[in-house]
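Structure record follows, encoded as structure tokens.
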């Protein structure tokens with residue numbers, strides 16, 4: 001081009017090539033954000049189910065959860081394990097102490113996930129509540145859900 005009759009040199013803006021390394025960093029960053037979100041959800045569910053107060057900041061807990069996620073387990077799998085193991089171990093003074101992240105999220109996670117549910121023995125108040133529930137279902141045309 002020219003400016004006031006003088007020739008000027010035009011500079012083209014250099015085209016920036018995408019840097020695959022930057023893309024990988026972004027993806028890893030997104031993954032860690034997603035993982036921290038799911039870790040939080042998993043621990044919040046565990047605390048809800050057990051009435052406990054485990055922290056989401058524990059490195060060992062995060063490491064165990066990430067290992068299970070890398071094996072393909074999902075948030076729902078963790079929720080199932082929380083409930084199954086509470087049913088299985090919750091009434092047993094010897095076993096209820098193992099209702100904690102370091103045990104539940106160990107390499108035995110898959111066996112806990114697939115453990116057959118056993119019906120727990122009902123105490124007197126549980127039997128009474130069950131019978132009252134059955135009466136209510138009869139009156140209202142419902143059926144016992146298995």
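Each Cβ is built from the backbone N, Cα and C atoms, and glycine gets one as well.
A TrEMBL annotation is a machine prediction, not a hand-curated record.
As recorded in TrEMBL:
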COMPBIAS  18-29  compositional bias 'Basic and acidic residues'
DOMAIN    42-113  domain 'Phage conserved hypothetical protein C-terminal'
REGION    1-29  region 'Disordered'
Helix, strand and coil counts within the domain 'Phage conserved hypothetical protein C-terminal' (42-113) (DSSP): 48 helix, 0 strand, 24 coil
Segment confidence, the domain 'Phage conserved hypothetical protein C-terminal' (42-113), expressed as mean pLDDT: 95
